Amino acid sequence: MTLLFHKLRWGYIRNNLQSFFFTITYIAITLSLFIYRFGQYADTTTALALARASAIAIYWQSGLIIVLILRKSISYVRSFGLARYLPLDHFVYFHKLTGWSIAFFSLVHTLAHLYNFLALTDITTISYWDFLVSVNLGIGWFYGSACLTGWILVLLLVIMLIFSMNFVRRTGNFEIFYYSHKLYVFYILVLFLHASSTLHWLTAPLIFLLFEKISAYYRTKKYYHGQTYVIEGTMLPSRVLRLIIRKPKYFHFVPGDFIYMMVPSITKYEWHPMTISSAPEDKELTLHIRAVGEWTNRLYDHFDHAKTLTLKKMLEEWKCLDFHPLFKNTDQINKFDVNCDHALDHKVHNVGNSLQKRTMILPVPEDCDEDGCGKIKKQISIENSDNESESGSGMVTIELNQISPKSASETHVSENHIQKPLALLKNIHKDVQTNAVFLKSPLKIHLDGPYGAPSSNIFESEHAVLVATGIGVTPFASILQSIMYRHIEKTRHCPLCKHSWTERVPSRHINNLKKVDFIWINRNQTSFEWFVEMLSDLVEQQSTISIKDDRFFDIHMYVTNKDGEKSAYSDQWTKGSSIIDRSNSMINWRFGRPEWDGIFQNIRQQKRGKVTFFYCGRPDLSGYLRQKCSENDFVFKKEVF
């Protein structure tokens, strides 16, 4: 109730005019249709008039709810900048609102007919039960099945509503929500059998929906747009999996976009929304996926299991290992316990733990052609403990082409020859110079998208404040990297006089963006490892950018678990990670929860233009930030999927 009154305040309405006018229009159309239909049956019983009036409200809203899930059409409209006039960022909210409205009018429709049938039993010889389920009374255009199909519709609505609630979707049961929502196909079909007039209201939305489904299938199956494969996978702290994916040939996106992802080896029919965490300027796609539900846990366990099997197989092969061409000193092999029979599982466990944060490199699927896939080059540097290399660095560098298994035997150094020394050296030397584990099996994935999200409008802002909690950082990682790409400067040298100068790369769609504040909140410090390299790059790149006034970037990191304060700066989470330092003025480290009053005051005092908050994270914090933004006349945008 408090939230409802908050939304009726002028400050909130002023910052959400698109949603306000859309809501007013939606209510006006619904009430107009209801009143008009009720008036047509005013000379009949009140129950019948209510049933007919609620029916037409259901018809129109059933068409609207389809329009609100046309993701590709909405993204296309967004690309023209129409988000400033239409509530494109809130269509998921309106989809839910329309669903509950359909449920309400369905209840009115059902109760009105139940009362009407009860009255008819007094003036006819037909039993109440026959009115409810019989198909012999001629009620309805399709073999008199209006009553029976009505009960089926009630059942379908109840199932979809219950399994779309937050307690189902937010507790690791996304698959239940996903499959139960597929019942909308049967809902539309049964609704048409229930009342033929449904066709007039649903024809246009269904045509657009069918076009989007066919288009999505065509993109993912026919052109090099949606079928691709995983190049690398890395298991990060808190059961987060980072996937580096070959970017399909015709796949183009903007920062903040998300995709729907399907992994045939996990499930052949489930598509899950994932935010792209890499910048469009990067050569590959990067996804950061946290294992919280059944599907994401299965994906994470797929890599964990593959890594374990690979390590176990290598340890088994080392039983008879006497010499390997990459070793120049066989004494080191003799120091290794090659008799793995008595402790193989223990060794796998130990080596697996040492490789917990290592990269797993996957082979290219056999059916990927050269135009669609290409070759990925990897370089591996292995420390040579005895003899220095020709360059004097004491490192042996191996370069290999990541190719399909068919031609693996044609390479000078086979994949099998690479796997053994890497893991063996890791077990012998703590300072092994590689992070790679080579897996045997490729992993193909299908992509549907990209689709626009609220954060993709960041370049229309003047002062953008990005707030993320936990893994909600993923859309902002893409945005931050892309912003730096678009602001980067290059050093030029005159070949004649040797004079050097910096030349700014022309901005692409930066528009009026003047300042970015990035606020990332995590429970513990290890979660920052997900994007520590990105943060390092931001610090380094900003130092090369000449901004006339203040810094363009400010990064605020919060660790809500205060127990980690003692070790946060003594423990270097990643090698050479100088950004984890109190002296770094660009990154502000805090322990405990953010003091939002002070943050909002500081943002107001900067006076860098119109402020827009972009949020992705816990739902409870979004309500508070939305309220604070309306109080301070800031725009608030929340990521929704």
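Quick reminder: no glycine exception, Cβ is built from N, Cα and C everywhere.
Marked as transmembrane segment by TrEMBL: 20-38 (among others). With a cut-off of 8 Å between Cβ atoms, the residues of this chain six or more beyond the transmembrane segment (20-38) that come close are 13, 49-50, 52-57, 60-61, 64, 86-87, 90, 94, 98, 101.
Outside the transmembrane segment (50-70) by six or more residues, the chain places 26, 29-30, 33-38, 40-41, 91-92, 94-95, 98-99, 101-102, 105-106, 108-109, 112-113, 116, 187-188, 191, 195, 197-198, 200-202, 204-206, 208-209, 212 with a CB less than 8 A from a CB of the stretch. Annotation comment: TrEMBL describes 50-70 (among others) as transmembrane segment.
Residues 19, 22-23, 26, 30, 47-48, 50-51, 54-55, 57-58, 61-62, 64-65, 68-69, 74, 150, 153-154, 157, 160-161, 164, 640-641 of the same chain lie 6+ residues outside the transmembrane segment (91-112) yet bring a C-beta within less than 8 angstroms of a C-beta in it. Positions annotated as transmembrane segment by TrEMBL: 91-112 (among others).
According to TrEMBL, the feature transmembrane segment maps to 141-163 (among others).
Sequence-distant neighbours of the transmembrane segment (184-211) (same chain, 6+ residues past either end, Cβ-Cβ under 8 Å): 55, 59-60, 62-64, 66-67, 69-70, 73, 140-142, 145-146, 149-150, 152-153, 156-157, 160. The transmembrane segment annotation in TrEMBL covers 184-211 (among others).
Mean pLDDT for the domain 'FAD-binding FR-type' (223-326) in the predicted structure: 80. Annotation comment: TrEMBL describes 223-326 as domain 'FAD-binding FR-type'.
According to DSSP, the domain 'FAD-binding FR-type' (223-326) comprises 27 helix, 34 strand, 43 coil.
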